[in-house]
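Right, I'll just put the structure down here and ask away after.
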Amino acid sequence: MAKSGGGGGGGGGGGGGGGGSGGLTCVTLFDNQINASKKEESESVNKNDTSKKMSVERVYQKKTQLEHILLRPDTYIGSVEPLTQLMWVYDEDVGMNCREVTFVPGLYKIFDEILVNAADNKQRDKNMTCIKISIDPESNIISIWNNGKGIPVVEHKVEKVYVPALIFGQLLTSSNYDDDEKKVTGGRNGYGAKLCNIFSTKFTVETACKEYKHSFKQTWMNNMMKTSEPKIKHFEGDDYTCITFQPDLSKFKMENLDKDIVSLMTRRAYDLAGSCKGVKVMLNGKKLPVNGFRSYVDLYVKDKLDETGVALKVIHEVVNERWDVCLTLSEKGFQQISFVNSIATTKGGRHVDYVVDQVVGKLIEVVKKKNKAGVSVKPFQVKNHIWVFVNCLIENPSFDSQTKENMTLQPKSFGSKCQLSEKFFKAASNCGIIESILNWVKFKAQTQLNKKCSSVKHSKIKGIPKLDDANDAGGKHSLDCTLILTEGDSAKSLAVSGLGVIGRDRYGVFPLRGKILNVREASHKQIMENAEINNIIKIVGLQYKKSYEDPESLKSLRYGKIMIMTDQDQDGSHIKGLLINFIHHNWPSLLKHGFLEEFITPIVKASKNKQELSFYSIPEFDEWKKHMENHKAWKIKYYKGLGTSTAKEAKEYFADMERHRILFRYAGPEDDAAITLAFSKKKIDDRKEWLTNFMEDRRQRRLHGLPEQFLYGTATKHLTYNDFINKELILFSNSDNERSIPSLVDGLKPGQRKVLFTCFKRNDKREVKVAQLAGSVAEMSAYHHGEQALMMTIVNLAQNFVGSNNVNLLQPIGQFGTRLHGGKDAASPRYIFTMLSPLARLLFPSVDDNLLKFLYDDNQRVEPEWYIPIIPMVLVNGAEGIGTGWACKLPNYDTREIVNNVRRMLDGLDPHPMLPNYKNFRGTIQELGQNQYVVSGEIFVVDRNTVEITELPVRTWTQVYKEQVLEPMLNGTEKTPALISDYKEYHTDTTVKFVVKMTEEKLAQAEAAGLHKVFKLQTSLTCNSMVLFDHMGCLKKYETVQDILKEFFDLRLHYYSLRKEWLVGMLGAESTKLNNQARFILEKIQGKITIENRSKRDLIQMLVQRGYESDPVKAWKEAQEKAAEEEDPQNANDDASSASGSTSGPDFNYILNMSLWSLTKEKVEELIKHRDSKERELNDLKRKSASDLWKEDLAAFVEELEKVEAQEREDVLAGMVGKPIKGKVGKPKMKKLQLEETMPSPFGRRIVPQITSAMKADASRKLLKKKKGDADSVAIKMEFDEEFGGVQAEGGGDDTVNTAASGTKTPKLKREKKEPGTRVRRAPSSTKSSAKKVKKRNPWSDDESKSESDLEESEPVIIPRDSLLRRAAADRAKYTFDFSKEEDDAHDDDDANNNNDLDELKVKASPVINDREDEFVPSDSVEKDEYDFSPVKSKPSPEKMSQEKKNQDFGNIFSFPSYSQKTDDDTTKLDSDEEDSTPVFSSPFAPKQTEKMLSKTVAAKKAKVDVPPKPKRAPKAKKMETVNSDSDSEFGIPKKTAAPKGKGRGAKKRKTSGSENEGEYNPGKKAPKSTPCKKSKKAAFDQDSDVEIFQSGFASETAPKPRTGRARKEVKYFAESDEDDDFDMFN
């Protein structure tokens, strides 16, 4: 019993010994199994039933856990079979290396469990400093010792055993079972050390605990089945723990610890030294030379080189206490060495992915930027170049198995974050990984190209459409074959016609579909997908990147030469250049073998009788004309393309192959340099110098009358690549610039100029379909490109939505596009109509056409070199274009502000600085630095969870904004949660309104971060590329807008002098003609002359004797034509010259062809009256200066501008105005609901756009960088412009007025303090109360918005919109406007009339000013120059506001022009940094300034207008800022006549101003400027009539629209003349 009990105990527990008579008997599990099986066999004899029962028990067995571990070890420690694989090991002779090792994973695991336990102790006791590892392969003993806190040597009260015996000798015991406790240790499941004990023949635990003053030692043997009694001793020293064990090698099928397993264990010792911070590791008595994780990584990368032979660069970052990361380049695919709580996770896991994903995400961004090959790079491909080392501490990690090779815990449970720094990523992108990835990409691209884009020599090839292959191509005579590449199918037909002469055996033809790819800058993907390139390679038999240095290698080609056959124009030259570039980039050696040649055809043929001359360049033809006296007798035919030649001519060309075939010869490195210069992206600055030198050379040649250089003379048989690039291709590059970059003079590109020329010539009185007009342009102006591009040009010229043109030269009759899609929503050109705008001929007076230099194309007189408008249109509508070497970008500026500056310059004053301005833009434009601006939209906080966006930055289109900004904010992404909960849209085609809902917390956060920034309502506008063609046709870079304005002014003033000379001559001739006619009639009536029954000769002789002159007008015109021909013989009109020269003798037809009716009394009186009128007109003209003529044109233009814009405002209101009630007088009422839906909420709090110091610093850095980088290039670009070196003008309007602020009720307007140097152009705030706000223009509309924004000094203070509205309403109440007149004027005033009113008014500093006017429409005081439009903020009276609140709301929406214009006053403001110094923003009224301004204005007005002074409504233009008040009328809202509080006259005054405006709008009503008008204006602006001073301030704000009153009538020089034909030229 005792024995069996002992055995049972031994078998079951394996812990104690059995009883017996003496020694200790050890019974193992296997002994029990053997004994049981023997017993079973003996008992099975003759016992069948029993046998069956025992067999079931054998099948279904229950094992103890210890038995299970020994029976199925792979479940716990991994395989116990030898495994061979690549592993990192540490060998004494080689160090750390990755080699093939054979080891038993189970043995490796039990060693690692003890090792990790030792490392875990560091997390329990930070004072632990040492781990000692001893491995004795000979005696098969392994020992691991560590100091630090030992295991408590105390008896466990529940289990009744000592704690060390419990945790090392009993399964399922651990200190890691409390999952609520966050631990960063390796132990987790309670198996680790026990598994080592179970698989050891001997396992000894020693530990000492200072706390309990005892040491403990106990030994287990025979796979933990036998144990000795623990030895407990008193202990006073330092704590320690030591585990010594002898692995049971038989369980691992091993005989001893071989070299491989020892190397692996040694590596783990090094792992511990690297991953366990602050612990020194001793191995076999020696301290390991590893000091931290970075030192450990060096064991791996030491002596390793990258593909370029450079040592690997390791990037290291200690992210925090728990994360240590190193990164370097991997050449063997992705590699990782990682540790979790000192456990070597050899298979990685989520912690590695967590780090690698961050690195890959950043690196792939860099790769994509630098990847020129076009190969798609995916994250896993980037990962393949990364070697990452991660050492981390994870709370309660989980693994996919007990072997702990792969960590599976989700990142969110790590207990810490590893956010790598930008410094780390920057270093990572420079450590060789990027270069390695790009090299791989390049290799892959090359492989793909070699596979797809190479060809081998075949006698026949298939699958290439339109190829006419040479019969001998690909055969033994292939080197003698030539492939003719033609420009298009029509040219191929010409070549095929010619093949009839030279045969098809050695010549093949292949048509190109246009310009081929510039392969030098193309991506791999582009080259792969380019059918043209692939076809050429296949046809010729080229092998990609193969060298053809050896002439023998050429035999592998199907063709020995390529002949390029293109049109003789500049685009044809470009195609030749691209083909040369294609061959040079890929097979440069082919150029040395004479592989390329070209086939030239005549561009002009001159024939006479049977003689025929061919010219291959225009300069050559011009030279011939110059030296051929009777060239007019020759028939001239121009050949614009190969398609012009007939089949007969084609045969003639090929018959004379020697003349038409030009060989390209390689002359050396200079040829390579020339080709690279023309096509390499790296040679941008060199190209600029190249083109600049060409333009300068051309200018000098023209000045000195020298002919232009040309190729292809009669003796030309070959040319070098250098000559081709510098004499032919450069013409294309220059023409590319001419097509892409506008002229400073008229702001037009050639295509636009052709459209304008055609429209002027057609002079349509009715609208014409855009598609039809495009055809007419192509016909009348010799346009040689596609008509589709022409139609788009016409559409662009007519667009007038916010962000397009400030002044559209064509009318958009139909859907020409809106701000919703940025014009892309325009209807098809077949469905829309257009015609000249009434402003076009006022901007480009017809009388100036006689002074222009018209060009000739195909011997056809086409558009002039440039038109000469009365203001610089390049500033009005801006410019944008990218050419060769240069690009141009110029924003729009306010039309009225430009007009005012021109007037100032005419008066000898300096122009005011100007800020960009876009018509109808209601946001703000603020100056950030020199030529740098910030464009801000408008956003209001309506309540605690609602914001309202009422304006977007310039050229941020509504639909795009919704899709790219609001939708992502609403839906959120994986990384970014949704910011807003909902939004609604209330836009029209002209206005913007998003009502956005968000939670109160998120709104508070967004406001703290800056609503403009969060909602992306700020964009930057940089004007550092103001490159334009000057009047001499040379590109010039302008530093400031003032430079452009001054250069234009000088040229335009000179042309006004020329115009006066021309008019004096023409009017003199007309006067003489009329005088002769009148005298003849009178003498005939008096009987002094008899013409009856006399011969023609006698009549002419008689007239000559009596002093009559030959037709004076005809003679004068002939004299002008002759002078023009002498000046420019090449462009002389042959037909006109020959016609004029054909007649000889005096011409008296103008007298003798008069009808008999001319002798009647009425006709005689009419003729005399006409004669006298012409003489007076001539005398008047002689008394006027060039400046006077210019001022008259400006006045007429401004007057018409008022009418046009008033009509536009009326059109906007179409459909919103109800029908008038029968019998009621007054304006019809607005459909209020429709308006309110699209209007800004009256209760919003405006958020003022902020310019942060960071934005300014960034702008300064960019400026410095630009100055450093551009020093040389600027010198190059500007080598011919010495006159201007100005710096960007400082603020035109220090601050933009916050419309919200302007609406404030307080008498004192709070001004937004601007940081020094910051100028703001603000459109009227979107607050309903301020009409101006409504006027705010989109960043792209210049005119009105500019003036207003400049004028308003925005107060940083945010004022609730509703109060503003009330004020505005009150102000409106002041003005009663008839929709017909006042309202129009109001609109005009809003735009410009504010200025007028202001000019006329004398303003008092009165706290109560028309809110709406003051707030929204600053008016210029009379003191300001007439031209001033700088807005002054007057303080609105709250009561007025309330009355007119509603009206103003409407007004704001529709007062489109937001003027941030600067007037003279404005400039003063700008000059002074102080807010008050600026009249516009000074306290509501600055009387002294105003008076001065008034005097200036009056003087200016006198000087300005030769026309009656009343037309000088220019002040109204200033009033434009009053737009707010006017806006009501604009919208058709009846304005209340109630006089402003206490000042009925104020209302009157307002009315007057309104009437003036109306006059402008309604040509029939023109109110002369009278004192009363001024009064009314006062009233309009303020309740106080004293507001005169204020006026000036406001005027500047609303860019004064020159009042129609100024010069309502244009001076007509010939209008009264009966002989209209003589003046046709002016029409």
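In case you wondered, yes, glycine gets a Cβ from its N, Cα and C as well.
Bear in mind that the values here come from a model prediction, so they are computed numbers and not experimental data.
Sharing the features that Swiss-Prot gives for it:
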BINDING   Asn117, Asn146, 174-176, 187-194, 402-404  ATP binding site
BINDING   Glu487, Asp567  Mg(2+) 1 binding site
BINDING   Asp567, Asp569  Mg(2+) 2 binding site
SITE      Arg830  site 'Transition state stabilizer'
SITE      Ile882  site 'Important for DNA bending'
REGION    1016-1025  region 'Interaction with DNA'
COMPBIAS  1131-1144  compositional bias 'Low complexity'
COMPBIAS  1296-1305  compositional bias 'Polar residues'
COMPBIAS  1381-1392  compositional bias 'Acidic residues'
COMPBIAS  1412-1428  compositional bias 'Acidic residues'
COMPBIAS  1616-1627  compositional bias 'Acidic residues'
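Could you place these features in context, so I can see how deep they sit and what lies close by?
A simple way to gauge crowding: the CB of Lys194 (ATP binding site) has 26 other CB atoms within 10 angstroms, across all the protein chains here. Under the DSSP three-state reduction, Lys194 (ATP binding site) is assigned to helix.
In the three-state DSSP reading, Asp567 (Mg(2+) 1 binding site) counts as coil. For Asp567 (Mg(2+) 1 binding site), the count of additional Cβ atoms within 10 Å of its Cβ stands at 23 [all protein chains shown].
According to DSSP, Arg830 (site 'Transition state stabilizer') sits in a coil region rather than a helix or strand.
A sphere of 10 angstroms centred on the C-beta of Ile882 (site 'Important for DNA bending') encloses 14 other C-beta atoms.
The average per-residue pLDDT of the prediction over the region 'Interaction with DNA' (1016-1025) is 91, rounded to a whole number.
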Hey, what's the Cβ neighbour count for Ser174 (ATP binding site) at 10 Å?
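If we count other Cβ atoms within 10 Å of Ser174 (ATP binding site), we arrive at 17.
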How big is the gap, in Å, between the Cα of Asp567 (Mg(2+) 1 binding site) and that of Ile882 (site 'Important for DNA bending'), rounded to a whole number?
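Taking the Cα atoms only, Asp567 (Mg(2+) 1 binding site) lies 24 Å from Ile882 (site 'Important for DNA bending').
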In the same chain, which residue numbers or ranges, 6 or more beyond the ends of the region 'Interaction with DNA' (1016-1025), come under 8 angstroms Cβ to Cβ?
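Long-range Cβ neighbours of the region 'Interaction with DNA' (1016-1025): 886-891, 916, 923, 925, 928, 931-939, 949, 952-956, 961, 965, 1037, 1041, 1249, 1262, 1266, 1288, 1339.
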In terms of DSSP three-state secondary structure, what is the assignment for Thr403 (ATP binding site)?
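Thr403 (ATP binding site) sits in coil per DSSP, no helix or strand.
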What whole-number Å value do you get for the CA-CA distance of Asp569 (Mg(2+) 2 binding site) and Glu487 (Mg(2+) 1 binding site)?
11
Around Thr403 (ATP binding site), how many other C-beta atoms are within 10 angstroms of its C-beta?
20
Taking each of the binding-site residues Glu487, Asp569 in turn and counting other Cβ atoms within 10 Å of its Cβ, which one has the fewest?
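Minimum Cβ neighbour count within 10 Å, taken over the binding-site residues Glu487, Asp569, occurs at Asp569.
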If I restrict to non-local contacts, at least six residues apart, and a C-beta distance under 8 angstroms, what lies near Gly192 (ATP binding site) in its own chain?
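Long-range Cβ contacts: Glu113, Ile114, Val116, Asn117.
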Tally every other Cβ atom lying within 10 Å of the Cβ atom of Asn117 (ATP binding site).
22
Secondary structure at Ser174 (ATP binding site) (DSSP, helix/strand/coil)?
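Ser174 (ATP binding site) sits in coil per DSSP, no helix or strand.
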Return the member of Thr403, Glu487, Arg830 nearest to Ile882 (site 'Important for DNA bending') in space, with distance defined Cα to Cα and candidates limited to these recorded positions.
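Considering only the listed recorded positions, the nearest one is Glu487.
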Reduce the DSSP letter at Asn117 (ATP binding site) to three states and note it down.
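In the DSSP reduction, Asn117 (ATP binding site) maps to helix.
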Going by C-alpha positions, which of the binding-site residues (Ser174, Lys194, Thr403) is nearest Glu487 (Mg(2+) 1 binding site)?
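Ranked by Cα distance from Glu487 (Mg(2+) 1 binding site), first place goes to Thr403.
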For a quick check of packing: other C-beta atoms within 10 Å of the C-beta of Arg830 (site 'Transition state stabilizer'), how many?
10
